[in-house]
Protein chains: 2
Amino acid sequence: MTTALTPPAALHNEAVQLDTADPLAPLRTRFLLPPDVVYLDGNSLGPLPAAVPPALEDVLHRQWGTALIGSWNTAGWWEAPLRVGDTIGALIGAAPGQTIAGDSTSVQLFTALDAAATLRPDRPLLVTDPGHFPTDRYLTHAVARRRGLQVHHVSPADLPRFLATEGHRTAVVSYAPVDFRTGELYSMRALTRAAHAAGALALWDLCHAAGALPLDVDALGVDLAVGCGYKFLSGGPGAPAFLYVAHRHHDRLDTPLPGWTGHADPFALARHYTPAPGIARARIGTPPILSLLALEAALTAFDGVDLNQVRAKSLSLTGFFLRCTDELLTPLGFTPVTPADPARRGSQVTLRHPHARGLATALAEHGVIADMRAPDLLRFGVNALYTSHQDLLTAALALRDLTRNAAYDPAPPATGPVT
Amino acid sequence: MTTALTPPAALHNEAVQLDTADPLAPLRTRFLLPPDVVYLDGNSLGPLPAAVPPALEDVLHRQWGTALIGSWNTAGWWEAPLRVGDTIGALIGAAPGQTIAGDSTSVQLFTALDAAATLRPDRPLLVTDPGHFPTDRYLTHAVARRRGLQVHHVSPADLPRFLATEGHRTAVVSYAPVDFRTGELYSMRALTRAAHAAGALALWDLCHAAGALPLDVDALGVDLAVGCGYKFLSGGPGAPAFLYVAHRHHDRLDTPLPGWTGHADPFALARHYTPAPGIARARIGTPPILSLLALEAALTAFDGVDLNQVRAKSLSLTGFFLRCTDELLTPLGFTPVTPADPARRGSQVTLRHPHARGLATALAEHGVIADMRAPDLLRFGVNALYTSHQDLLTAALALRDLTRNAAYDPAPPATGPVT
């Protein structure tokens, strides 16, 4: 595919200019990206931050290997869920003491949904997006089934209208600001307001938003939020998730899994459960310290970084990729499904093509790692901390050439995890 | 404390002879124990296995850093919860396909208790040990409260009598084979039989048993079991836990947290939850791969090890320590609370002393790491894979000398995690 390497001059010049002027470009060295790979799947699994290997070396040999059990105190293991939670809190606009790191997003969602239903005991409806990520939908139904509640599926666009009539029966609305398939960005402000106007709680799944754009859960009055540690936070495969609960709900926060670490006096090993004050009551069991401290090290990639700059660069990247698409890919049958309006765009571009699966595989074989969502969506995630405009032109050109040359399997077997 | 270093000759000779004849002695090199430390707290946190650092190095740099998202398939990340589960299954007497690794013990307990109640829907009682570890008690009450069930606390000794009258109303009995405070070993066979005779299910918490003695959950007909990865399995701080569910319950296993990874076709991202066949339906969210693969590497310390030999050596170690106690410590006010009968002894020795907390702190300062349980219990855990009889004599002598010289704080502040 030697012709692949000759980019249209105008796009090439634009990419070089944008990258040269990029104030965040130096952050790329905070990640150990493999050479000769364009990595556009950081919205599934962020790459390895440079800070993680030395941090884990210390955790293994000094903290675990040498100080042993004492590290629960001396190395700060015990406080890690709260400390890492606060670090994530700073990225989502949460003042300290409201965010906790640990468990998986699914477990945190269960806690959040169940606790929300307890906070609105006389309201029988849980409302969520019909296009929400599966685990959100499954757990909403699971909580509803066991509590005798009902689930209503309402698209974000229809939510205000739905709440106008059913809001008084709605306990919680559970949405994501970024659609994981299309990359469409919804207004957290508008949907949170609509929920509150109805007396309902607003629960946000920030998996595709935390670390990708500025968030302001406190200022928006968000009630609860969850998110994962392994996408834009680059905390490693299956990195612990997080749970945010606004201060005003803490005293009445009744979690469904009262594990011993959430006890007010955990080391007394008391017979009866007394929840800890504050967000600490959302702790469950002993946290996976290696994964949790890897996440903590990964979060140092955000040290000194202005999320408004991250957002500006992310929009520059996705905007540039949409221009590449217009010029190089639309003529070949690709249709962008991510909104062109920057105000409605998360940190990814999704293209529709009937051979999305085969193309994603072929792209990976040519060093461009994106992913797909069945049946026909190709996702290109950008992360302003390490993605360049030239990366995106390389990807667009590779995709153009693979398509033009039909150099891919049009019907490969379905396989592989997507998260 | 120079006099501390002169052991009674007979005990010293016995320790040397036992260690010299120990067929498991070479296994100690599978652990990176710090020099000059006697580590008797492996029943709280196992030490660092030598296999872990190189394994994590590979996970970080090759799997995550270089192969990136592809490692979910190519490095076997996706299958890891089932694969590691089966490895643990082999240590507890479970045939493959019934054990899964992931989440914390607390989360697995919640799943097990709730699923057990669903399997016995017409029975209103959950029965558990009043001396059970706090998280077991808290979660039993949490499940009962949300399902409108009742909890009865019945000591292991009283369980057969209780079940004779209340067994027909009992959904599940939830016990640990080893009392985490006293080290007393109960008969899993007898209690499981008593539960089954009443038509109830038997749920075992194996935290203090898995890896410490041979277990045979399949042969005993155990219904469900949970356990942690960080005590005798030495999987690292907060290592993922495990859940065992007997084959015969899989088809009707209705888990309370149906996360997307437990779906029959997780990558289809289907709208409705269809549980995977087998134990895979107990998967919840994306597992913490770094911690999970550290646990997997740690489990190689059991490669080729006969758990009957482990049990024999463990009893030799605890028996020897009880003899040291008789000779050196009982005269100074220590009372063993662990049964002298080997058939009733787990893999620890617990001594009662009114200054347990101060003595544990002073011991640690002298390189002997044990732990305490409030208010007055000192725990000495042995692990046949790395503990020697000479270690135990060193510990007993240090304890004797600290006590004799009153070289400890009799009333130190309560602090520090115990797990």
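Each residue, glycine too, has its Cβ placed from N, Cα and C.
TrEMBL: automatically predicted annotations, no manual curation.
Taken from TrEMBL, the feature pyridoxal 5'-phosphate binding site covers A:Thr105, A:Ser106, A:Phe133, A:Pro134, A:Thr135, A:Asp136, A:Asp205, A:His208, A:Tyr230, A:Trp260, A:Thr286. In this view, A:Phe133 (pyridoxal 5'-phosphate binding site) is surrounded by 21 other Cβ atoms within 10 Å of its Cβ, with every protein chain counted.
Positions annotated as N6-(pyridoxal phosphate)lysine by TrEMBL: A:Lys231. For A:Lys231 (N6-(pyridoxal phosphate)lysine), other Cβ atoms within 10 Å of its Cβ number 27.
Cβ neighbours of A:Thr105 (pyridoxal 5'-phosphate binding site) (same chain, under 8 Å, six or more residues apart in sequence): A:Thr135, A:Asp205, A:Cys207, A:Val226, A:Gly227, A:Cys228, A:Ala241. Pairwise Cα distances among A:Thr105, A:Ser106, A:Phe133, A:Pro134, A:Thr135, A:Asp136, A:Asp205, A:His208, A:Tyr230, A:Trp260, A:Thr286, which the record gives as the binders of pyridoxal 5'-phosphate, peak at 31 Å. The two recorded residues, A:Lys231 (N6-(pyridoxal phosphate)lysine) and A:Phe133 (pyridoxal 5'-phosphate binding site), have Cα atoms 14 Å apart. DSSP assigns A:Thr105 (pyridoxal 5'-phosphate binding site) to a helix. Taking the Cβ of A:Tyr230 (pyridoxal 5'-phosphate binding site) as centre and 10 Å as the limit, one finds 28 other Cβ atoms among all the protein chains shown. Listed in sequence order, A:Thr261 are the same-chain residues six or more apart from A:Thr286 (pyridoxal 5'-phosphate binding site) with CB atoms under 8 A from its CB.
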